[in-house]
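The following features are taken from Swiss-Prot:
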- 257, 259, 275, 331: Cu cation binding site (BINDING)
- 275, 283, 292, 295: Zn(2+) binding site (BINDING)
- 395-404: compositional bias 'Low complexity' (COMPBIAS)
- 38: N-linked glycosylation site (CARBOHYD)
- 57: N-linked glycosylation site (CARBOHYD)
- 81: N-linked glycosylation site (CARBOHYD)
- 190: N-linked glycosylation site (CARBOHYD)
- 218: N-linked glycosylation site (CARBOHYD)
- 288: N-linked glycosylation site (CARBOHYD)
- 376: N-linked glycosylation site (CARBOHYD)
- 407-426: transmembrane segment (TRANSMEM)
């Protein structure tokens, strides 16, 4: 009997290992600041029943040999200053600046080492942060590389970089939900059928502290290399407003969607996956209550010069925290709300946490009429403005319907004059 129980426990343990969910995130670097260090590469983030593992694959042709601190930052992006990312991420406000340890801040990592314009592969294993729904989730936040190094670096005396404090960001990336199809085999997680990627942002993010934004950049599917702009997601207690301003797109209708993954592994837009959805949701237009969470319809309203396209929607259909860390796409053609979602993805980006936005950020004209189905094609916003009332051409009361004194005097004198003439003729 005891052997049977032990055997069952072994089997159940094996099943739990095989079917264990995992988390996968992806973070693609780009240079920031006044000096372009031409830093490229990415970080993969994986966890499965344990610590969060970060694996770096980064290169640079402009960084001198030395050591450079890395840290997880509070914001994924800051529209007013792309090097001010809100400071190193802290869960409880405790900790001091140092390499990851018991006394460090949650977001403090380690130093990267640069030699011959190559940043060496590095591996961090963390327990202070996660990429699953919890107060210490870093989905939607950023990883920054600093000009300075941590003082805990034993090699600091042999390199040219200065030792803290960490003030000068030279590169950063937005931590997005990764596409499971791209998990490197060397990352040590079991992605077999039945295991789900449960990465996500903290579901109780403060709507008084954060908004979210995606910066758009063209993909290799775009005929234009000049697509840009951004989409702002402004959070409130019971809704999310979506304000988009997009430049460089063709003068046509474009599908406009939130996608499942904030994963920029591929430059053609494929790695952001399908639309963000849950369960049995189907592709449809707003405000269909069974549609994908990511179905925002179309982008079709332009300014008079057709230089910028504008989008606006306020909805309570999806949560603010649910969209953080996901991908976003502008499509080449119109989404028909049925089987055709718009073809190639001509622009993409990752939804990042940002500080609570000023009311003027991504402010679309408030007197335009916005629609997202766009069945009649493109139009200009100015054409939707209600015309001002034109001055009335109806005669004033003193002119016609309510004649004044002068209106009565003229016929009266005519009558008197006619009577006098008649009397004279009789005489």
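Cβ atoms here come from the backbone N, Cα and C positions, even for glycine.
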Legend entry - Assigned element (helix, strand, coil) containing residue 218 (N-linked glycosylation site), judged by DSSP: strand
Inset, instruction - Rounded to the nearest Å, what's the C-alpha distance separating residue 259 (Cu cation binding site) and residue 38 (N-linked glycosylation site)? Just drop the number here, would you? - result: 28
Inset, instruction - Measure from the CA atom of residue 331 (Cu cation binding site) to the CA atom of residue 218 (N-linked glycosylation site) and give the result in Å, rounded to a whole number. - result: 10
Legend entry - Inter-residue Cα distance where the pair is residue 292 (Zn(2+) binding site) and residue 275 (Cu cation binding site), in Å: 7
Legend entry - Whole-number Å value for how far residue 38 (N-linked glycosylation site) lies from residue 57 (N-linked glycosylation site) (Cα to Cα): 14
Legend entry - Of the recorded positions listed as 190, 283, 288, 376, the one whose CA lies nearest the CA of residue 331 (Cu cation binding site): 283
Inset, instruction - Using C-alpha positions only, work out which of the recorded positions 38, 81, 190, 257, 376 is nearest to residue 292 (Zn(2+) binding site). - result: 257
Inset, instruction - Measuring CB to CB from residue 38 (N-linked glycosylation site), give everything in the same chain under 8 Å that is also at least six residues away in sequence. - result: 31, 60, 61, 62
Inset, instruction - Determine, using Cα-Cα distances only, which of these recorded positions is closest to residue 81 (N-linked glycosylation site): 190, 283, 376. - result: 283
Legend entry - Zn(2+) site, defined by 275, 283, 292, 295: further same-chain residues with Cβ within 8 Å of the Cβ centre: 257, 274, 276, 277, 281, 282, 284, 291, 293, 294, 341
